[in-house]
Amino acid sequence: MEYLRFILYGLIQGLTEFLPISSTAHLKIISIFLGIDDPGSSLSATIQLGSVLAIVWYFRNDIFNFRGQSSKNILYYFLHERLLRSIFIGTIPIVLLGGSVKLFVPNFIDNVLRSNLSIALVSIVMAFFMYLADSSKRGSIDIKNHNYSDSFLIGFFQALAIFPGVSRSGITISSALISGWERRDAAKFSFLLGMPAISLAAIVEFIFSFNEFFSIGFLPLLVGLMTTFLSSLLAIDFLLRYFSSNGLKIFIIYRVIFGVVILLNL
């Protein structure tokens, strides 16, 4: 039974981390509805690592292929160096905001902002923001021709995802679309930008819950990690294919329903 719980958490994390519907909100709400324990900091850190590994594996060509390129292929090398710089710039806001929250609001996890009411309202507000993004004129900006101000702006919105119900992928994809990005590349950049953000969150969780790892055991954590890794790969692949010919409408509807259902059950 314990392993089934870890598999469930891994599935929820893997699927909802990349679909624009908020992984934190779903982990919290589904735990309450099913009457099972909160995943805890150690498990959260482990399954988040599974999502990072999935990003690295899925985009391994984008991440690693610039290494060892010949000096003749300057354009290819510059593109990937530029992409790395963009990811770095886009990560700055969440480091500043996340670090400040951890230092000055240490009980943030128990704050009213993480209540069911807050999650429901944020989910509905995010549905409206995603609607604005989906209704905006379809742009042509992509990973090859974006500028660093785009990276910082998307990173700024990513920082707001520390509030449960926002959805890191939802707010970064939406902000990119409003800025004029092409849909598929908006999702791709969102996922790549998630590598340092999710990794930093996992590291912080690990530091503050180191002793929990020994009480849970290696094998259950490995099960959660692998489940997250595999479900994350499915979610990434699905969303990139889906965005080739579709927008955010289905997720907007889902987020409204999700928020309303929570409100009706308060």
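Cβ coordinates come from backbone N, Cα and C, glycine included.
Record features (Swiss-Prot):
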- 39-59: transmembrane segment (TRANSMEM)
- 86-106: transmembrane segment (TRANSMEM)
- 112-132: transmembrane segment (TRANSMEM)
- 153-173: transmembrane segment (TRANSMEM)
- 189-209: transmembrane segment (TRANSMEM)
- 216-236: transmembrane segment (TRANSMEM)
- 246-266: transmembrane segment (TRANSMEM)
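Most Cβ pairs within less than 8 Å of the transmembrane segment (189-209), among stretches 112-132, 153-173, 216-236, belong to 153-173.
For the transmembrane segment (86-106), the residues of the chain that approach it from at least six positions outside its boundaries are 146, 148, 150-152, 154-156, 158-162, 189, 192-193, 195-197, 200-201, 204, judged by C-beta separation under 8 angstroms.
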